[in-house]
């Protein structure tokens, strides 16, 4: 008898099928080890990690949402003209980032003087930066431009700040590009009246200042070194003092830049970013205070603040535009302007375009505090102050040219004094109004016309001398409170002429280290 027929290939019953037919259950071919039990500690750690990830995710989403909300809430304007025909050597500017930072509403100022403008050019590698300030009353040529309502504005010769006040951001950008040849990549407008509120929103801002003319000319001085400033202190720091020394607006532009940079850096700090309440309060204040072009984001502003804050020493160079004359009054107007040195201005900006640097003759900077002087021996006699010098006059009035500016509220006083000066033999140049504020009659002068300035001061009793590096080789007679008359002077006669009481940087305390930022 033959055995059973073997099954066809592919029809073999699966292992354990016979047993399943008998018992209804499949017998496992082999047992696998059961997973190890998870202890309570590991379960708690896993739950904590999941919760932490959820919290981090919520915070990230919150910050991203807040960032995009405020980024969209900031005022935006069509300001840029990156392909304008006035841009020079665009290939040399490839990779560089140039910001035009404009502060409006300078505390205590009106008209053009209420505008503080600064150009910041950062090199392509981020290793160098140049900051150039613009006199708000500089006489400039504004090219054809578009106003905020889209209308075409015809070319005009006007005060630098007027191109913004009457033409808007686009006209100011075109003016700066035509004057400098630089391509403006970012426009940032700041309402300086709101900047102290941004400082208060952060609970104060740390700012480092060095002794400098810009610091000394503020209504509220800040101590040298790093200090925490409140909104009230920030407002006083922005406001010009009453010395009238900052006739070109350079000092207020520098102070506004330092405070804005410090505020943006504080806003981007870890302490602020992990505090949603403070961050939200600051960003809402910033949204009301800032205006940018339609291509600039909050990230670009963070790059600007980081670049200027991380660079130090010679890596950041400051400059003001070279000036030929302050107080120039064109025929047919009573408006006083600053006349720029065209050749010097071109030399300055050519150097910025070619290498993001400033020629030495145009640089301005803080006055580094000197090392403490050695104390005199205890038994040394006190120093004896020398009497004021009474040198004889050497420049006759007929060899002196002087601009006469009215720094008082008396209409027509500059013309009256100019006639009196001519009667004494002086050559009179510009006659007009002083854009700043003075407490007394001041004779400003460049470094090469000291003797001519002494002759002018001797002819106006009560006048004081005030040296200035911003007016070239010019002598200016600024009529202030207390003016009486003009008197004859004689060459060779000894005279005593005091210097203007201009605030000086505070001296270092004995034993203190030099101030640095």
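Glycine is treated like the rest: Cβ placed from N, Cα and C.
Feature annotation from TrEMBL assigns compositional bias 'Pro residues' to 1-16, 374-386. Per TrEMBL, compositional bias 'Low complexity' is recorded for 30-39. The domain 'Cell envelope-related transcriptional attenuator' annotation in TrEMBL covers 117-239. TrEMBL lists 399-483 with the feature domain 'LytR/CpsA/Psr regulator C-terminal'. Look at TrEMBL and you will find 1-39, 370-395 tagged as region 'Disordered'. Taken from TrEMBL, the feature transmembrane segment covers 48-70.
When averaged over the domain 'LytR/CpsA/Psr regulator C-terminal' (399-483), pLDDT in the model lands at 87. In terms of DSSP secondary structure, the domain 'Cell envelope-related transcriptional attenuator' (117-239) contains 35 helix, 42 strand, 46 coil. Each residue of the domain 'LytR/CpsA/Psr regulator C-terminal' (399-483) gets a DSSP state, and the totals for helix, strand and coil are 22 helix, 26 strand, 37 coil.
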